[in-house]
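Undergrad: Take a look at the following structure, please.
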Amino acid sequence: MSSDIVKDLTPSRENNVATENKNVHIGNNGGTEILSKNQRKKLLRHQKWEEERNLRKQKRKEKRQKRSLERKTQGEEGGEFVAGRKRLRKEVKPSSPLRLVIDCSFDNLMMFKDVRKLHKQIQRCYAVNRRAVHPVQFYLTSLGGQLKQNMDKTDEGWVNWKDITVKAEAYHEVVAKEQLVYLTSDSPNVLTELDDTKAYVIGGLVDHNHHKGITFERAQELGIDHAQLPLNSFVKMNSRKVLAVNHVFEIMLVYLEKRDWQEAFFTVLPLRKGAIPLGQEGTATEEKEEEEDSDRDSDTAETVIQNTTNTQEKGQEGQDTLQLKEAPKEQTAA
């Protein structure tokens, strides 16, 4: 009888143990821990995550293969795809026949920190030309030395730049001399209109005015045309009128769009140059003088008032003193 009871109780006991095991977790130290409901859920999710790890890996692999196939198909259909890029590169075709050339032949005249600045200015020129309303034909000539080394080291993707002609040769070896115009602030010639048949050369030099007139001398030595931007006709500046490479480049692009030199200058020139429209500096000076005269008048008026007040106070003090001196006499007389 007792054995039958034990047999009847055995299944029930096993079920209880199984139920209890759902709430028990074996810790890292070999001991058991009683888990709450939320802890059990987290444990189950973690177990499921581990079980599906290989499945997720396989799905990611299939997704990459699918994207790669799509890009390859687009490339075969004529799209421009650059390996290692996440998106297709925009194809920009120059809408202007005008050519802008940066002459990089001054590499040996610059310190390395200035070479890096020139590199950033060239990057800026490339970027604004690709976004411009009327992109120009962009040339980079005499590229080599420190500049090319810095570009290769810090910007390996430059070799994939579109819509730019990069040459190790000098600009006069790439473009016919009769088509060249060197832009230099030392030239006596003033540029009023742009000629689409010309190639305008910008000196790629960051020297902080250490080599004055060198671009003008180069142009004269080669016997090519030269000119300066009509800055003096539109702008009054507090600082020197030697502009950075990217500023000259951007001014040319804005002029092509607006056909207005003054608007081009004031769209591009940085505030630190202190540029104001020519003809307005007199107004500013007059306003300043009026303010100074007004301040001077105010100061004079305050001085007069103050002197009058002091005089009155001194007169009052004198009367008070006189009364004090006379008072004893009255008392003595009394």
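The backbone N, Cα and C atoms fix where each Cβ goes, glycine too.
Just so you know, TrEMBL annotations never went through curation; they're auto-generated.
According to TrEMBL, the active site, proton acceptor annotation covers D207. The compositional bias 'Basic and acidic residues' annotation in TrEMBL covers 1-11. Taken from TrEMBL, the feature compositional bias 'Polar residues' applies to 12-21, 304-322. Taken from TrEMBL, the feature compositional bias 'Basic residues' covers 56-66. The compositional bias 'Acidic residues' annotation in TrEMBL covers 287-296. Summarising the annotation, TrEMBL assigns domain 'SAM-dependent MTase TRM10-type' to 84-276. Annotation source TrEMBL lists region 'Disordered' at 1-78, 279-334.
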Undergrad: DSSP helix, strand and coil counts for the compositional bias 'Basic residues' (56-66)?
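TA: Split into helix, strand and coil, the compositional bias 'Basic residues' (56-66) gives 11 helix, 0 strand, 0 coil.
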Undergrad: Does anything in the same chain, at least 6 positions from the residue listed as 'active site, proton acceptor', have a Cβ under 8 Å from its Cβ, and if so what?
TA: F106, L109, M110, D114
Undergrad: Can you give me the average pLDDT across the domain 'SAM-dependent MTase TRM10-type' (84-276), rounded to a whole number?
TA: 89
